[in-house]
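Features as listed in TrEMBL:
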- A:Ser119, A:Gly120, A:Ser121, A:Leu122, A:Asp140, A:Asp168, A:Asp188: S-adenosyl-L-methionine binding site (BINDING)
- A:254-293: region 'Disordered' (REGION)
- A:272-283: compositional bias 'Polar residues' (COMPBIAS)
Amino acid sequence: MLLMDSSTKISFNRCIRDGDLVIVYERHDTMKAVKVCENSVLQNRFGVFKHSDWIGKPFGSKVFSNKGGFVYLLAPTPELWTLVLSHRTQILYIADISFVIMYLEVVPGCLVLESGTGSGSLTTSFARAVSPMGHVYTFDFHEQRAASAREDFERTGISTLVTVGVRDIQGDGFPDQFSGLADSVFLDLPQPWLAIPSARNMLKQDGTLCSFSPCIEQVQRSCETLRSDFTDIRTLEILLRMYEVREWKMDHSKVDDGNSTACPPRKRRQPSSEASVGDNASSPAVMARPSAETRGHTGYLTFARKCVS
Amino acid sequence: MSENKPESGPTVNPRVTWEGCSVLLDINDGDRLVFARLSAGSTLKIGNKTFSLQPLIGCPFGSLFQVESGKEKPYLSRFIPPTEENNVQDEGGCQLQEESRDNRAIIDNNQAQSLTGDDIDAMRREGATGNEIVEALIANSATFDKKTQFSQEKYRLKKQKKYAPRVLLRRPFSRSICEAYFKKYPARIGFLRVDALSLLLSMANVTANSDVLVLDMVGGLVIGAVAERLGGTGSVCNTYLGGKPYPMEIIRMFNFNNEICKRVLRCSVNDLCAVQNETSEQVSQHEDVCTMDSQSDEKISLSVSTEEVHLSYKNGVSDLVPENELSTTGKTCKTPKAGEKAPKEAIQSWKENGFSSLIIAAPEQDAWSLVKDLLPLLTYSAPFAIYHQYLQPLATCMNNLQLEKMAIGLQLSEPWLREYQVLPSRTHPCMQMSGSGGYILSGTRAYSNTSQS
């Protein structure tokens, strides 16, 4: 997924190959990750698609089924991956993910510690941000989920950047080997205040920490614990509001009963100009309106910096 | 582009200041933000006093400084705040249950404080520290004991900010630079809020080894943020309409090393779109025009940037002129320059491979007319993200992209950001909030048989 070297980089000259991971795009809300395999097929409501038809075509191509239906084949990115990955746990979405990465000041070369791994949605974006010289160490106390995450990172080609450990961070803290080495720590735990003292030990001076919690009580408790060794403590929430766009041909034509008493008196009548705007009627207008349904809350993001001593 | 192994370790992410580095000074916990360049001669004005910034050189980012009265004049001294003692919190806990005070009897007639301005000046002359003055004010306030505990804390904080101001040394990063500009000069960055900026970077899949095409009319903030994420690999092409690149003075705030600066290149839209044969001639013609224009542009943009910081300190001018000043004084720390003209090989490579993504931040321009020309320069399946202050141009653009079948996965979104105050028994969203951070149109370039490579 990541552009680690020129062979994986998307370009005009790089076509789909056997073994590539592609994102099959049916509609903006219907996508699926598929590994291209020469002898395989994809079956969906549009028909049967032969993988062999895909090989040799550029990413972004439109491909057809035996019934004439079509889908697009896209190159995977962390954003697309977040939308197609299998949810073993509730995941973070792009608004929170992008804000966390920016606010934690994660740049190439950083060492990031994370717990819990969950479904690896945020982890994938961390990997992108620290590439190519940095590393993400992520921990989850659930052995099976950790294994599934490892598999996913192999599939998406980021396993050289991510190490998954099975560990109860709330109970045991982060491993001592990382003391004083972490640029950033991210916590998505039910009781993050139990992990904060350990996070403090892991962080470099002025290192950044973020804790994601759905409930305000968790936030209050975390902030109390942060006050001893952290500064610049800030809690925010971010949401993304979508808009729908539509072309609407507005009808400007005047109603054809000029004799009606309902019409206002027309003292200054300029028939010529009226006619030019008027009866031929339609001028298309593009209009936007907010989507009717939107997410109300994901979680509170609490950020802090480790005090400099 | 060649993929050199980038510099690793401390040089990529320095945590200690050095002479000549660019810093962000946070005065009194966010009340005032100032960009500065550290040198022996640079100064900072707080209130009606000027302080040398020399004590800040060689200190770790995140260090806190407090104004201290010196023998000759006050100076900034490194200050380590005492860790919150547990008993303060416990005290708070107990008192919360017993809090019976309220403000019904407190009359605001400006007569509660018995110390006069002259008294305070006298204390200063005798060498009292800021904290001592604050304690004296509290001791001499008739109404202090009648206030609720929260009110007392607020009072103490207010006095401390005035008589013992603190300066926090911050590292300039896309986050802090964007926040500072959004607070102070939002119009210069087209009201691009930090969450909107972060979305642009994610939606455009900015990552190491990518070749990102950027049209930045927000002072260079987006180019800087992209370059930061590339970390010295890949390339950023700063493109522009016409013959002159847009000002990018904000890039100087980032403390980019040579490796990162080398990756920021510029090339006009015309040159990118030109057919191969014409390119070489036009490029050489443009080159002369561009270098002259960009130099004068730089002088203009430099004076703009010194001006804005000049509001805060007097010696600003000399400190923000990188090469001229440094070369005449012969200092070894030369600020590397970003935004050099793209060499022919780079342009060739971009044309052959296509850019891996596109970001447009042109808050005053029509989005569709820009996208029409720039999208074909992207490789297929490349993501793009377009920022605008206004909804309408993006709606029109989205509609056209759909009609022309140029892109899929189109999404028009608006980020919403709210901050919270979290304190015991006083947790609530902040009273002030940003009303808008702009709008973003994102999508992926689709391949169709009619597309030209």
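First residue shown is number 1, and so on along the chain.
Using the three backbone atoms N, Cα and C, a Cβ is placed for every residue, glycine included.
Structure coloured by features recorded in TrEMBL.
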residue: A:Ser119; record: S-adenosyl-L-methionine binding site; DSSP (3 states): coil
residue: A:Asp140; record: S-adenosyl-L-methionine binding site; DSSP (3 states): strand
residue: A:Asp168; record: S-adenosyl-L-methionine binding site; DSSP (3 states): coil
residue: A:Asp188; record: S-adenosyl-L-methionine binding site; DSSP (3 states): coil
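Counting Cβ atoms from all protein chains shown, A:Asp168 (S-adenosyl-L-methionine binding site) has 16 others lying within 10 Å of its own Cβ. Taking 8 Å as the upper bound (exclusive) on CB-CB distance to chain B, the binding-site residues A:Ser119, A:Gly120, A:Leu122, A:Asp188 give none. Around the Cβ of A:Leu122 (S-adenosyl-L-methionine binding site), a 10 Å sphere holds 26 further Cβ atoms from the protein chains shown.
When the binding-site residues A:Asp140, A:Asp188 are scored by other C-beta atoms within 10 Å, A:Asp140 scores highest. When the record's S-adenosyl-L-methionine-binding residues A:Ser119, A:Gly120, A:Ser121, A:Leu122, A:Asp140, A:Asp168, A:Asp188 are compared pairwise by CA position, the greatest distance found is 20 Å.
Counting every protein chain shown, the number of other Cβ atoms lying within 10 Å of the Cβ of A:Ser121 (S-adenosyl-L-methionine binding site) is 24. Neighbour list (A:Gly120 (S-adenosyl-L-methionine binding site), Cβ cut-off 8 Å, at least 6 residues apart, same chain): A:Leu85, A:Thr138, A:Ala149, A:Asp152, A:Phe153.
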